């Protein structure tokens with residue numbers, strides 16, 4: 001995720017005239033955003049059209065799917081790699097590379113694709129919109145992705161609270177079976193592929209890929225130690241790839257339109273279109289598909305109607321779901337919404353769930369509430385997470401009141417650093433990063449609150 005930037009440079013030989021260089025490459029894009037309607041992949045994001053098979057076919061789903069399957073795994077993987085698609089679940093790992101780990105000679109064990117629809121990150125609801133309004137895109141994506149990695153079946157693990165979404169998805173799967181699009185001889189390609197739905201039971205930790213696999217197998221949803229990785233030993237001990245709903249759902253469109261088309265959006269290494277959730281103190285909260293690398297300010301003002309009270313009323317933004325560090329208004333002015341730009345801004349794209357907070361927000365209380373969430377959802381398997389997040393939760397509760405000393409701010413920072421990177425899964429990191437963002441950008445607010453509490457305490461003592 002924290003990939004280093006590649007600095008690409010070139011120079012002409014001293015004796016060669018520029019006009020004879022023969023350089024016909026197009027100039028790199030410098031502006032991003034304003035995605036055209038014809039370039040949108042998710043055409044029923046707001047549920048204005050029929051989400052069933054008939055409506056999906058009319059919008060281009062399942063078009064030439066048989067041809068895609070017959071071109072074979074290597075061709076599909078090639079298009080996905082050309083597209084530059086990176087995982088849309090948060091980590092941003094190159095999808096083509098990840099899927100290619102499965103495309104190796106079989107050792108006799110079946111291979112499986114597992115789709116992570118256990119969307120429990122606070123502020124995130126992009127996958128829910130796909131499941132609710134465009135389920136056939138996901139079912140078709142399972143088929144294309146499964147073909148790319150030679151999988152026998154797909155398991156879609158859906159969050160337990162998503163009752164209506166699971167119902168719509170099950171209807172879409174049934175329609176696809178009845179139309180011969182999946183199952184035996186899927187789409188008439190000679191390729192057999194099944195799709196199953198597994199309901200979760202409300203545990204946030206099951207969004208972690210190995211905990212999700214454990215849950216599918218009927219065990220407690222606790223993350224596994226890696227290695228072995230799921231590509232070697234996954235669900236039922238078989239090679240498995242776990243992928244995000246959005247990642248899988250865009251793959252058929254990439255294959256139909258071509259990887260170079262998808263790569264034409266966004267910056268280098270941050271290509272494609274992306275679903276963004278915009279919530280909090282905005283005039284029109286929404287989920288929208290936009291070009292990667294769109295400026296954060298443009299995203300909020302164009303699609304969400306701007307910050308309540310105007311842009312100058314903005315305090316901070318959490319750009320990628322609750323587990324990414326917040327950024328203040330000064331950073332929000334110019335930052336681009338992609339993996340690399342947000343890493344440089346000391347945060348992350350995460351799930352691209354933009355949580356906007358205006359000046360009326362008690363920023364300390366808001367972050368404390370997130371830490372309480374992570375404390376509640378920790379599985380307790382790793383000591384740094386089990387003890388450290390609980391400790392952070394108690395310290396943050398005192399910070400909300402101001403009942404602490406300024407030196408404790410550095411202690412809290414140190415606690416977060418001892419949790420980060422020292423756990424089996426990333427839940428510990430997700431709890432540590434919001435605290436780090438708060439301290440990095442709002443230390444004066446913490447110190448002022450502590451000073452105010454101390455003065456009030458002294459006044460009460462003097463009065464008594």
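A Cβ is built for glycine as well, from the same backbone N, Cα and C atoms used for every other residue.
As recorded in Swiss-Prot, the features of this protein are as follows:
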TRANSIT   1-20  transit peptide
MOD_RES   81  N6-acetyllysine
MOD_RES   81  N6-succinyllysine
BINDING   87, 88, 89, 90, 91, 92, 93, 94, 95, 96  NADH binding site
MOD_RES   104  N6-acetyllysine
BINDING   199-247  FMN binding site
MOD_RES   257  omega-N-methylarginine
MOD_RES   375  N6-acetyllysine
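Take the binding-site residues 89, 227: by the count of other Cβ atoms within 10 Å of each Cβ, the lowest one is 227. Neighbour density for residue 199 (FMN binding site): within 10 A of its CB lie 17 other CB atoms from the protein chains shown.
When the alpha carbons of residue 220 (FMN binding site) and residue 95 (NADH binding site) are compared, the span between them is 28 angstrom. Taking all protein chains in view, 17 other C-beta atoms sit within 10 angstroms of the C-beta of residue 81 (N6-acetyllysine).
Its Cβ placed at the centre, residue 104 (N6-acetyllysine) has 12 other Cβ atoms within 10 Å. Residue with the densest Cβ environment among the modified residues 257, 375: 375, by other Cβ atoms within 10 Å. A simple way to gauge crowding: the CB of residue 87 (NADH binding site) has 19 other CB atoms within 10 angstroms, across all the protein chains here. Residue 87 (NADH binding site) is 26 Å away from residue 375 (N6-acetyllysine) when you measure Cα to Cα. Within the set of binding-site residues 93, 95, 199, 234, 241, the entry lying nearest in space to residue 104 (N6-acetyllysine) is 241 (CA atoms). Taking the binding-site residues 95, 220, 241 in turn, the residue surrounded by the fewest other Cβ atoms inside 10 Å of its Cβ turns out to be 220. Note on residue 234 (FMN binding site): other Cβ atoms within 10 Å of its Cβ, all shown chains, come to 26. Residue 93 (NADH binding site) has a Cβ environment of 13 other Cβ atoms inside 10 Å.
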